[in-house]
Amino acid sequence: MNNAKVNINVDPPQNNFGSLIQKGNSIFIFLLAIGALIVTFSMAAGNFIELSQWLESFVEKYPAYLLVIVLLPLLGVFTAPLGGKWENLRDILLVNITFATFAMLLSLYPSVINGNLTLAIDKVLGYGLNFTADMTSLTLATLIAFIWLMVMIYAPDYMNKEDHRCRFYLFLSITYCGILGTVLAGGVFTTFLFFEAMTFSSYMLVVHSESKEALDAGDSYIYMGIMGGLCILLAMILLFINTGTLQYENLAYEMQTLGGLEYFILALFIIGFGVKAGLVPLHIWLPKAHPVAPTPASALLSGIMVKVGAYGMLRTTTSFFFPEFSQVTQGFEDSIWISAQTLGAIVIWLGIATMGIGIFMAMQQTNIKKMLAFSTVSQMGYIILGIGVAVYLGYKGAMGYSGVLYHIINHALYKSLLFMVAGAVYLKVHTLDINKMGGLWKKMPFTFVVSTIAALGITGMPLFNGFASKTVLHHGIEEAHMYGHSMFLVADYLFVIISAGTACVLFKWTYGIFFGECPNEHEHIKEGFPIMNIAMGGVAAAIVLIGVFPNFLLDNFIIPAAQGLTYDPEFIDSYIVGINIFARDDLVGMVWVYLMGAGLFYWGIKGSLFKVRFPQWLCFECLITLPVRKLIEIAFKIMKKLNLTRRDDMVIYTTSSCEANVEIPKEEIEEDSMVRKFAGFVDKQICCKCETPFIKSDVLLYSMILTFILVFFFVVK
């Protein structure tokens, strides 16, 4: 009897006629999306008044409309299994569902611009769910929906070569619902539930290929996610016990009565959301997960999901330190603003560290997706820095807040596009090693053009989107220096130097992939996948349009969002409304950034810059993981001596570094049978029989503990 394992791909081959219909539907939906955006922007400019009024009255009449938008992506859970027999039908339905979500979010604009939308659903887990659409959350949710739609148009051609497509789309739909629920949540409890749903469902996207690298990356992702989730859970419990509320509104003055506990609670929130945002040193999962996930998932992980972590940080910090308008008594001198300065300064320097370490590590990479992953870490540093400025300057922090929201939009666009470019290149050259590429600009001219647009966006070239948001962020750090402490002059200089590092990385990206000598095995390559090109072209067009008309987003989305908080309205009117993005000093500054970036690139290809490595002892595994492993081993030995457990049941976590090749000494591994290959920390003791190849017993245990805590705390209170 043959016991060999057979890998059966349940996804059927593509039907040519059905594929043609699917591609036609994608083109039609793409055009509809462009039309919907044009109508929405026209309403923002004062046109289509009757349509705007009708939408506003409709949304007011049906408050559950907000909940429908959040839950609509779950239709994909029922649609995804159709791919077992009708793959093209599944792809058509998923794209249409994604478009419907996008269009419904756009329809909220006339209502939200005139006031927040709220929805409360009582008696859910004893506390209730709360949703709020304000200009900040709606702007981010609409951005998410646009990029998700472009990726869903892009995905079928890419995923055609992958196994388990039905499973992929199923968990992608759950992740989408979790992200929208997190962004549109009106309180910490609702945020936590959807945030955790996003974490666990996106884990399946990371491990999709089922390779050893994917499973290892999945381990890092899920355990860091669990740690972050537990931090948020503890913060949520402490917050409720001490204030009696989990709503974002009216928290600021409640928190002032807690003394030092306020900072502890906020630190827990920052750690919990910072894990997802790629905050150094909590970023270690990110460069592992992004390269191994399928490219559509990588584009969404980097373009969207890390922004959800940043949004969580932004929402909690502003809720803690920004009172309602009716509560503002003493303006900038109020103690609530002063108490925010210490936290803001810390977050600014965390942002600078994240920017610098991320871009340095990106310079060293030869795997193009890993290069983009570390670049994402660096770009998230810009956003975290902006959050710090927004909090540090308190009443006058609107420039920082505007820069954060603007850069979230811009980074989501150009980074998702860069990952889509990486996927298009990979389908042709079948490698992610930049040293095995070159000369592709003649072979793939359209891909080269959209890649160049994305590269110019991320490096901050004028007339491309990144220039606008980086200019606003740079003005924010200058104001922190002007109105705050002189130490932020150093942060200002580092901002410019790190921006030059970003230019260097994108020089390396463009030169390594598209210029130089084309390897012989790639001579046959030519441009392909027209539907993928349409999706990439849509994102590239957004990058250019925002860059050419930078004040449109500011005037109609970002400034109204800042005005929703208690920032000084006179400051906003004087310094942000009508801001000259293309000021001479800012343009000259970018010339210096590109010159320094070119110098760093020359040093990299002619010298040793691209070969520098951190010392082995400086990696996260050496500083944190291995000491923790040793402590666990000691704890198990003590438990054994006290007869609290059996020797054969002991499992110790062993690992190797992702950022440096760290080897655990062989004698240390063999010294005790407790040291084994990691297979779930409580695998032997509790639920090994329930374990699947993907969901390790730790996850099951965590879910049980979490469920018990929630039921006990909110139902039996």
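Cβ coordinates come from backbone N, Cα and C, glycine included.
The transmembrane segment annotation in TrEMBL covers 27-50 (among others). Tertiary proximity for the transmembrane segment (27-50) is limited to same-chain residues at least six positions away from its ends with a CB under 8 Å from its CB atoms, namely 95-96, 99, 102-103, 106, 109-110, 113, 146, 149, 153, 531, 534-535, 538, 552, 556-557.
Sequence annotations record features per position, and here TrEMBL assigns transmembrane segment to 92-113 (among others).
Across the domain 'NADH-Ubiquinone oxidoreductase (complex I) chain 5 N-terminal' (129-169), mean pLDDT in this model comes to 88. According to TrEMBL, the feature domain 'NADH-Ubiquinone oxidoreductase (complex I) chain 5 N-terminal' maps to 129-169.
Taken from TrEMBL, the feature transmembrane segment covers 133-156 (among others).
Among the features that TrEMBL reports, transmembrane segment is placed at 168-195 (among others). If you look at the transmembrane segment (168-195), the same-chain residues 6 or more away from its ends with a CB under 8 A from one of its CBs are 66, 69-77, 79-81, 83, 90, 94, 97-98, 101, 118-120, 125, 127-133, 137, 140-141, 144-145, 148, 159, 162, 201-202, 204-205, 208, 229, 232-233, 235-236, 239, 245-248, 276, 294, 296-297, 300, 304-305, 308, 311-312, 315-316, 714.
What TrEMBL records for 187-488 is domain 'NADH:quinone oxidoreductase/Mrp antiporter transmembrane'.
Annotated transmembrane segment per TrEMBL: 263-286 (among others), in sequence order.
The feature transmembrane segment is assigned by TrEMBL to 336-360 (among others). Cβ atoms under 8 Å from those of the transmembrane segment (336-360) belong to residues 252-253, 256, 262-263, 266, 270, 278-280, 283, 313, 317, 321, 323, 374-395, 397, 477, 480, 484-485, 488, 491, 494-495, 498, 501-502, 505, 612 of the same chain, restricted to positions at least 6 beyond its ends.
Residues or ranges marked as transmembrane segment by TrEMBL: 372-393 (among others).
Feature annotation from TrEMBL assigns transmembrane segment to 405-427 (among others). Remote same-chain residues near the transmembrane segment (405-427) are listed as 136, 139-140, 143-144, 147, 150-151, 154, 158, 161, 290, 294-296, 298-300, 302-304, 307, 310-311, 368-369, 372, 375-376, 379-380, 382-383, 386, 437, 440, 444, 447, 450-451, 453-455, 457-458, 465-466, 468-470, 472-473, 509, 513, 528-529, 532-533, 535-536, 539-540, 542-543, 546, 553-554, 557-558, 561-562 (criterion: CB distance under 8 Å, separation of at least six residues from the stretch ends).
Annotation source TrEMBL lists transmembrane segment at 487-507 (among others). The list of residues near the transmembrane segment (487-507) in space but at least 6 beyond its ends in sequence, with Cβ under 8 angstroms from a Cβ of it, reads 348-349, 352, 355-356, 359-360, 362-363, 371, 375, 378-379, 381, 385, 455, 458-460, 470, 473-474, 477-478, 480-481, 589, 592-594, 596-601, 604.
Feature annotation from TrEMBL assigns transmembrane segment to 528-549 (among others).
Taken from TrEMBL, the feature transmembrane segment applies to 587-605 (among others).
Taken from TrEMBL, the feature transmembrane segment covers 699-716 (among others).
Taking pairs at least six residues apart, the transmembrane segment (263-286) and the transmembrane segment (133-156) share fewer than three Cβ pairs below 8 Å and do not count as touching. According to DSSP, the domain 'NADH-Ubiquinone oxidoreductase (complex I) chain 5 N-terminal' (129-169) comprises 30 helix, 5 strand, 6 coil.
Away from its own ends, the transmembrane segment (528-549) comes close to residues 23, 26-27, 30, 33-34, 146-147, 150-151, 153-154, 156-158, 409-410, 413-414, 416-417, 420-421, 423-424, 427-428, 446-447, 449-450, 453-454, 457, 461-468 of its chain (Cβ-Cβ under 8 Å, at least six residues beyond either end). Listed as Cβ neighbours of the transmembrane segment (133-156) (distance under 8 Å, sequence separation of 6 or more from its ends, same chain) are residues 22, 26, 29-30, 33, 37, 66, 91, 94-95, 98-99, 101-102, 105-106, 108-109, 111-113, 116-118, 176, 179-180, 183-184, 296, 299-300, 303-304, 307, 311, 314-315, 405, 408-409, 412-413, 416, 420, 423, 531-532, 534-536, 538-539, 542, 557-558, 560-561, 564.
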